[in-house]
Every structure is written in structure tokens, then in C-alpha cells.
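Below: the structure, in C-alpha cells.
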Amino acid sequence: MDSSPSPPPEPPASREGAEHADRRTSFRARVARQARRLPAVPPGPWRSPLRGPWLTSVFGAVLLVGLPVLFLTGLLSYAAYNPDLSRINDKTPDKGLLGFFLFPWPTHPYWLYRVTQGVHVTLGIVLVPVLLAKLWSVVPKLFTLPPVRSAAHALERLSLLLLVGGGLFEFVTGILNVQLDYVFPGSFYPLHFYGAWVFSGALAAHVALRLPRTVRSLRGRDLRAELRTPTARTVPEPADDSGLVPAHPAPPTMSRRGALGLVGLGSLVLFLVTAGQSIGGPLRRTALLAPHGRNPGSGPNGFPINKTAALARVRAQDVGEGWRLVVHSSTRGRRVELTLDEVRALAQHTSALPIACVEGWSSDDQHWEGVRLADLAALVGHPSDPPGVFVESVQLAGSFRAVALRDNQVRDPRALLALRVNGADLSPDHGYPARVIVPDAPGVMNTKWVHRLTFGATTFPQDDA
Ligand SMILES: Nc1nc2c(c(=O)[nH]1)N[C@H]1C(S)=C(S)[C@@H](COP(=O)(O)O)O[C@H]1N2
Ligand SMILES: [Mo]
């Protein structure tokens with residue numbers, strides 16, 4: 001290696017001057033200058049010349065916008081389950097004070113949950129490359145030695161552990177749940193919910209500590225100039241105390257433009273192969289990553305199916321000739337039992353509503369036809385202002401076989417016990433002979449293979465206290 005030291009360049013007079021100097025200085029001269037300024041340390045494993053506070057701050061700024069949206073849409077998804085209504089709906093019974101934000105989920109606009117949960121899942125997937133890039137950019141800090149230097153340092157390390165661990169945990173549990181279809185049946189909700197609070201707490205602390213520095217780093221370099229800088233002119237960021245800029249940088253194999261482009265392209269590709277499952281229409285075919293959304297078949301029942309009748313172990317004899325709808329009022333003490341023909345003889349109404357699953361996929365609006373929940377309430381003594389209803393399916397086991405609906409959901413004239421969809425009987429997989437469909441409710445509230453409705457109850461009538 002040629003090691004004749006070149007004289008250090010003139011100190012630049014202004015920031016613009018510094019940038020010009022940056023661009024003129026050759027990589028080797030820059031490395032030599034940096035090496036002289038820093039204490040002699042062995043090269044170490046983290047030598048990418050791209051690492052530095054600016055690059056980290058760019059990824060950080062994207063996450064700073066995206067993560068709060070993920071957190072808020074996630075909390076909305078919890079509220080949409082109406083967990084305060086019934087322990088049957090409540091997937092996080094030990095949440096205590098963390099349930100402070102819950103509110104009765106509205107039925108207007110009917111597409112709200114479709115949008116909030118579509119955003120939650122799509123954004124979560126799209127942010128994965130940014131999260132990984134951010135972790136890559138700070139990886140030297142994650143492995144500093146000695147691991148703990150003082151009490152304050154220990155606290156900082158602990159908060160980093162919660163931040164990095166919490167972030168990875170949230171992304172991994174969320175994606176596994178979407179991709180593998182309820183891998184943690186009941187337990188996903190508490191895991192993801194408590195994880196979100198831990199992660200968001202650590203994130204808030206991290207942002208409070210780092211925001212000023214992030215803003216300074218972002219101001220210190222011009223993004224547009226960076227996007228014009230090719231690999232050949234890519235030099236390390238100025239050495240500082242951030243611990244990110246390598247003391248002994250390796251020659252660049254990629255520009256910052258290239259790194260940002262790679263991450264952006266990764267996110268774009270993930271967006272393109274995911275978003276179709278929530279946007280629907282012809283774009284549904286593009287949702288290559290969507291477990292349910294992509295190929296829903298054709299015909300009136302050609303929209304995505306979450307659990308088939310076989311998977312839910314629905315027995316043929318329970319949805320055949322012998323099927324009866326039991327409608328009951330726990331407060332009026334009235335009970336009627338109807339055959340399918342008798343349900344068909346009640347006033348039939350239509351409403352156009354989507355199925356919007358917590359997993360992020362949703363169907364386009366389907367044309368449902370059936371009996372209003374409010375009319376069924378009237379049948380058992382609630383002619384006006386009906387209470388909520390407890391809905392049970394013929395399914396013998398599984399966490400989605402029963403659900404409690406609120407009074408606002410029962411009272412909405414678009415809320416139906418549907419018998420038909422798009423002009424045909426429900427298919428066995430979509431809940432034949434009867435299913436609930438409620439505007440703006442998460443998919444899970446739209447119980448299929450319904451056989452009993454208990455107005456005024458919020459749990460199984462037998463074990464009502
Ligand atoms: N009885 C019963 N109803 C159910 C389910 C179930 O597993 N069992 N799955 C729910 C979930 S999670 C969703 S997203 C919707 C999906 O309805 P679809 O399969 O007709 O699209 O049904 C809901 N109704
Ligand atoms: Mo669902």
C-alpha cells in the first residue's frame with residue numbers, strides 16, 4: 001500500500017464548502033485523514049463506509065413516521081374486537097390499565113376496519129426492509145465491548161435491548177400470524193399486544209433521546225446530493241462520537257444512493273405483492289404473498305375464505321335438514337326456534353359489505369341478503385332499541401365459534417343474519433345456512449354456520465352467572 005501521507009485539506013469555511021471538499025476528496029485521502037484523527041483500534045468486523053449517523057437517521061426518520069401508524073392502527077384493531085363487552089371477545093383479559101383506550105367500535109363508515117387493518121398489515125410488511133436496514137446500520141453499536149460500562153450505560157443497553165428485541169418480536173409475530181394463519185391461536189393477541197406496549201415505550205424513550213441528533217444528522221447532508229453520488233465518489237461520513245462511522249472503512253461497494261434504492265425497492269416489491277389482498281379488485285391477483293387473498297375462485301361465493309367448513313370441523317348433520325335457528329332473549333325470557341324455510345319467510349333485506357380480516361386481507365363489497373339482526377331481536381320481545389346479541393355457531397370448538405356483538409351493531413339496519421350472497425345461497429365454506437355480517441366489524445365477528453342468537457347476553461347462556 002502506498003502510504004505517503006498527503007497534506008490534510010484546508011479546513012472548509014462553510015457547510016457547503018465542506019460538501020464540496022467531501023466530493024473532491026478521494027476515498028483514500030479521506031480514510032487516511034480519518035485514521036489519523038481516531039485512536040488506533042483494530043479494523044473490526046464493521047467496516048462499511050456507508051455506516052454513519054446520516055444513513056441511520058434516514059432509516060430512522062422513515063420508521064419514525066411508520067411505527068406510530070402501526071401502533072395506532074394496531075390499537076384500533078383491538079378496540080374493533082369490543083373486548084370490554086365480553087370475555088369471549090377479549091383476547092387479552094389481563095390487559096388492565098392498558099385497555100384504557102377502548103371504545104365502542106362504530107358501524108360507520110362500513111369500510112373503516114378494512115382500511116385501518118389493511119394499512120396495519122401492509123405497512124408492517126413494507127417496513128421490514130427499512131427495519132432491517134436500520135438494524136444493519138447500527139449493528140456496531142449492538143455489539144460494543146465491554147457490554148456494560150456504568151449504571152447509566154446499563155440502562156441505555158437495556159432500553160436498546162427492549163427496542164431491538166421488541167421491534168423484531170412485533171414484526172416476527174405479526175408476519176407469522178398473517179402468513180401461517182393463526183400459528184399462535186389465542187395467544188397471538190396478548191403476545192402482539194403486550195409486545196407493542198413494550199416496544200412503543202422503548203421507542204418513545206429512544207426518540208426522546210435521539211431526535212435532536214437525528215435532526216442534526218439529516219440537516220448535515222443533502223439528500224438530493226446524496227442521490228446523485230455514485231459508488232466511486234462515496235466516502236465515509238465525517239468521524240464523530242456516534243460510534244457508527246467505521247475507524248477503518250473498507251472501500252465502498254455501493255453508494256448511499258444504492259443502499260437507499262435497494263431498501264426502497266425491497267419495500268416497493270413487498271408492497272406490490274401484498275397490498276392487492278386489501279385493495280381487492282383486479283389487484284387481488286398481484287397479492288403473491290397473501291395467504292388467503294389471491295385466488296378466491298369464481299361465482300357468487302368467489303371471495304376469500306378464512307376457515308373452510310372442513311377446517312372448522314363443521315359436521316354435515318348440524319347444517320343439513322335438521323338445522324334450526326334458535327333466537328332467544330335473556331332479558332325478555334322469550335325463545336323461538338325456526339327452520340331454514342321459516343327464516344327465509346321473514347322479511348329479507350340486502351346490504352353491500354366486505355369481509356375484512358385481522359390478517360389484513362379483505363374482500364370487496366359483497367351483496368348479502370338475509371334477515372336484519374334488529375328484526376330477529378323484535379321477534380323475541382325487543383321491538384325497538386334492541387340490546388347486543390351473543391352469536392353461536394354449530395362449530396363445536398375453536399376460538400371463533402362465538403362472539404358478542406354490541407347494541408350499535410345489532411341496531412344498524414345493514415347488520416344481517418345472511419342466508420344468501422351475490423344472488424346465491426351461502427356456500428358451505430362461507431357459512432351455510434346462515435352467517436352474521438355486520439358493517440365495519442373485523443372478519444372474526446361475522447360468525448359463520450350460526451345456530452343460536454341470544455339477545456341481551458354477552459356469553460354462553462348455560463354458564464351465565
Ligand atoms: N364459526 C366460525 N365463524 C367464523 C370463523 C370461524 O373460524 N368459525 N372465522 C372468522 C374469520 S377470522 C373471518 S376473517 C371470517 C371470514 O369469512 P369468510 O371465510 O366467509 O370470508 O369468518 C369469521 N367467521
Ligand atoms: Mo379473520
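Placement of Cβ uses the backbone N, Cα and C atoms for every residue, glycine included.
Per TrEMBL, the feature compositional bias 'Pro residues' maps to 1-12. Feature annotation from TrEMBL assigns compositional bias 'Basic and acidic residues' to 16-25. Annotation source TrEMBL lists domain 'Oxidoreductase molybdopterin-binding' at 321-458. Summarising the annotation, TrEMBL assigns region 'Disordered' to 1-26. Among the features that TrEMBL reports, transmembrane segment is placed at 54-76, 96-113, 119-139, 160-180, 192-211, 259-279.
Looking just at the domain 'Oxidoreductase molybdopterin-binding' (321-458), the mean pLDDT is 97. For the transmembrane segment (259-279), same-chain residues at least 6 beyond its ends with a Cβ under 8 Å from one of its own Cβ atoms are 50, 55, 58-59, 114, 117-118, 121-122, 125-130, 133, 226-227, 285-290, 292-294, 304, 360-362.
Residues 60, 64, 67, 71, 74-75, 78, 91-92, 95, 98, 159-160, 162-163, 166-167, 169-170, 173-174, 177 of the same chain lie 6 or more positions beyond the ends of the transmembrane segment (192-211) yet place their CB under 8 Å from a CB of it. Counting residues 6+ beyond its ends, the transmembrane segment (119-139) has Cβ neighbours under 8 Å at 46, 50-51, 55-56, 59-60, 62-63, 66-67, 69-70, 73-74, 76-77, 164, 167, 171, 174-175, 178, 244, 259, 262-263, 266-267, 270-271, 274-275, 278, 289, 359-360 in the same chain. Within its own chain, the transmembrane segment (54-76) is flanked in space by residues 101, 113, 116-117, 119-120, 123-124, 127, 130-131, 133-134, 137-138, 170, 192-193, 196, 200, 203, 207, 210, 213-214, 217-218, 220-221, 223, 226, 237, 242, 244, 256, 259-260, 263, which lie at least six positions past its ends and keep a Cβ under 8 Å from the stretch. Taking H, G and I as helix, E and B as strand and the rest as coil, DSSP gives the domain 'Oxidoreductase molybdopterin-binding' (321-458) the counts 24 helix, 49 strand, 65 coil.
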